[in-house]
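Here's the structure we're looking at; comments come further down.
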Amino acid sequence: MAYRKRGARRETNLKQDERMQEKEDSKNINNDSPKSQLSEKVLSKKEEIITDNQEEVKISDEVKKSNKEESKQLLEVLKTKEEHQKEVQYEILQKTIPTFEPKESILKKLEDIKPEQAKKQTKLFRIFEPKQLPIYRANGERELRNRWYWKLKRDTLPDGDYDVREYFLNLYDQVLMEMPDYLLLKDMAVENKNSRDAGKVVDSETAAICDAIFQDEEPKAVRRFIAEMRQRVQADRNVVNYPSILHPIDHAFNEYFLQHQLVEPLNNVYIFNYIPERIRNDVNYILNMDRNLPSTARYIRPNLLQDRLNLHDNFESLWDTITTSNYILARSVVPDLKELVSTEAQIQKMSQDLQLEALTIQSETQFLTGINSQAANDCFKTLIAAMLSQRTMSLDFVTTNYMSLISGMWLLTVIPNDMFIRESLVACQLAIINTIVYPAFGMQRMHYRNGDPQTPFQIAEQQIQNFQVANWLHFVNYNQFRQVVIDGVLNQVLNDNIRNGHVVNQLMEALMQLSRQQFPTMPVDYKRSIQRGIFLLSNRLGQLVDLTRLLSYINETLMACITMNMQHVQTLTTEKLQLTSVTSLCMLIGNATVIPSPQTLFHYYNVNVNFHSNYNERINDAVAIITAANRLNLYQKKMKSIVEDFLKRLQIFDVARVPDDQMYRLRDRLRLLPVEIRRLDIFNLIAMNMEQIERASDKIAQGVIIAYRDMQLERDEMYGYVNIARNLDGFQQINLEELMRSGDYAQITNMLLNNQPVALVGALPFITDSSVISLIAKLDATVFAQIVKLRKVDTLKPILYKINSDSNDFYLVANYDWIPTSTTKVYKQVPQQFDFRASMHMLTSNLTFTVYSDLLAFVSADTVEPINAVAFDNMRIMNEL
């Protein structure tokens, strides 16, 4: 924000004292060179130089120094010229601190997003695996032989009330994360140890299963079959078949993955088209392609659908984060300026132009404040990165530094108004109007009303009669980005007058008109200060035209590498820009052209493509999970966590700090999107086989039987004597879902009181925070209290009765005087038995192909000599040599 210098009266007294001091200094220092005198007068007093990065302009502490310290200051002037110049340079550097601190962590997160296709698949996708389980005789003794069953590979249940449903939702999420974009069976095939002729099976897990079965007590026919297992190659068709041991559901998954691979043939035409068109057609870049691509080359087309969530619309926090990340990335690829004018030489020249040896007005010393090459480079990068990422900027300046304001006139000319936060833009424009424009024509100060829909420049345009000045104001007022769709991407493009630099001539005409005015209401010193500031800038007309052209060219070249629509919306936070750094850029820009290297462009393009593709894939995942949650009746419960997971997987967001209202708005946007067909098919596969998956789990039961009186335990071939029921014959059945939906528990109560066991049918975990009893806890407590009291409500796990603590192999059957009982039985269906021949499937894929993720690695690129680089109008970018 602009602000005026406080303590003005006090400063005028100080200035008179300082002028007297300067006269004394000039008498004492006759031996020093004129340059030394000049530098000392301009830069020795800290209180004379006001830096833009201060929030308040305070009177320097040096004013308060004692007479002793002032005499020390006089002694310092007598140092040698060389030492003194070093001090001056150091002091200048101290006065402007670059505003930007690179957040390397964000940049690393962006660059670390790699295409998922790069992950090499080493195993098939599996939910099931065969396991050996013991067999118990009728008397409870364990047999020596085992039986194989299909069990879940990862048998885990999440915490919560609807555990089983959440299990299936988590399973689906796991499938989505592991769903491969392509499968090349040759890469994962391993040797079958039991093969006669060194044959191979599809993956290491199949080999391990074959090995375990071969060593088990299996019939000779099965061993012979394993010995025959090997791959079958059809070289003429580039096809290979591998034997695999898979559960039928796993086979359906992998067969689906094989038939819906995303790989496409890769050739030079695609690589050529993959390079952004504007870079292909840019004569400054020389591109060559390696034409030796093998016929087996493949690639995975990146998913570059445009932003379906419209994050710029009502997602302020998310939009701020994404633009910040883009800003940091863009700054990292904007080239550094080269061969800037020597800071010291330029300050000396400016001092001569200002004739500061005949110093009569204090404000002119501020013209030289903070001019250094670091600030110039910082400003250059900030402007381009902000335009590329559409980050809003705010301006820091001091109203009394006329040079800053005149530089600000160039800035407002070449950068569209929308790029600045309105309060900052209004303050800067008001300072320019009241400090330079209105005083030149003798007009009264503009009293701007806060909240006025018009900006100060728009008001001034209507009041100023001078054609050139009004014409320039009109250009600035209507300077906006043009929205152009290039290669399907919305670009924010600068006005053609800015791109070719002609607008700088328009600015100079306005400045010349202002410098010729009489400033009738102002002192002569004031008029001269403004004129000298304009003179300093107008001396650099050629360099400013070149700078404007260079700024536009680099902005457009890097913009070609952006793949997401450039939406222009004001951001929550802003990038600070000091007008003294703009002065540094204007005064120090040389004639050396800098253009981004091809490697930088390709890197920027790849990072943008990878982020954009990952963004779309994560949207597809989130939409699929929302649909699955809806179908599993988990919609309300899981929704916020689904959206949080979506944001976490984008890597750049701090999810904990995103406001809830934006989370729910994001949920609503995701809910409206269609599900991608592959993800929908995968969910349907899971939904159709939920019962098989439940049966294979050791933690999921298909129901529970509860009774008023104890029921005798039954012998089970897999577990011995346990409270597990394998069928529901003879029990009254009630569906758990219906029970929870209706809330009518009278039927259960009546049956239990009549000593009729009730079977509640539905998937539930053995151990759960919300047991089946708590699901029916709304019963009349007086009737049901005794039933609840007689059982462990939170543990439904089967009870295993052992003979003694030393043996895990035998179960209690011999004590005929005591019959083990339980008031609760778990209804658990028998898992599917493992049948070797029924589980052997042949999978088919290409014999070989190579997937390339970095397509630009095939392109060798170089640039013309920077001095010969041309802009869009086929003229050299930098003409002022």
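Any Cβ shown, glycine's included, is placed from N, Cα and C.
Straight from Swiss-Prot, the features:
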type     : residues : note
REGION   : 1-46     : region 'Disordered'
REGION   : 1-82     : region '5-fold hub'
COMPBIAS : 9-27     : compositional bias 'Basic and acidic residues'
COMPBIAS : 28-39    : compositional bias 'Polar residues'
SITE     : Ala221   : site 'Interaction with the intermediate capsid protein VP6'
SITE     : Phe225   : site 'Interaction with the intermediate capsid protein VP6'
SITE     : Met229   : site 'Interaction with the intermediate capsid protein VP6'
REGION   : 395-415  : region 'Hydrophobic'
REGION   : 423-443  : region 'Hydrophobic'
SITE     : Met840   : site 'Interaction with the intermediate capsid protein VP6'
SITE     : Met842   : site 'Interaction with the intermediate capsid protein VP6'
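Shown on the structure are the features that Swiss-Prot records.
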residue : record                                                      : Cβ within 10 Å
Ala221  : site 'Interaction with the intermediate capsid protein VP6' : 10
Phe225  : site 'Interaction with the intermediate capsid protein VP6' : 18
Met229  : site 'Interaction with the intermediate capsid protein VP6' : 23
Met840  : site 'Interaction with the intermediate capsid protein VP6' : 18
Met842  : site 'Interaction with the intermediate capsid protein VP6' : 12
Check the region 'Hydrophobic' (395-415) for me and report the mean pLDDT. 92
Across the region 'Hydrophobic' (395-415), DSSP labelling yields 13 helix, 2 strand, 6 coil
DSSP, reduced to three states, assigns Met229 (site 'Interaction with the intermediate capsid protein VP6') to coil
DSSP says Met840 (site 'Interaction with the intermediate capsid protein VP6'), in three-state terms, is strand
Rounded to a whole number, how many Å is the Cα of Phe225 (site 'Interaction with the intermediate capsid protein VP6') away from the Cα of Met840 (site 'Interaction with the intermediate capsid protein VP6')? 10
List the Cα distance (Å, whole number) between Met842 (site 'Interaction with the intermediate capsid protein VP6') and Met229 (site 'Interaction with the intermediate capsid protein VP6'). 10
The DSSP breakdown of the region 'Hydrophobic' (423-443) into helix, strand and coil residues is 18 helix, 0 strand, 3 coil
Three states by DSSP: which one describes Ala221 (site 'Interaction with the intermediate capsid protein VP6')? helix
Report, in whole Å, the straight Cα-to-Cα distance of Met229 (site 'Interaction with the intermediate capsid protein VP6') from Met840 (site 'Interaction with the intermediate capsid protein VP6'). 10
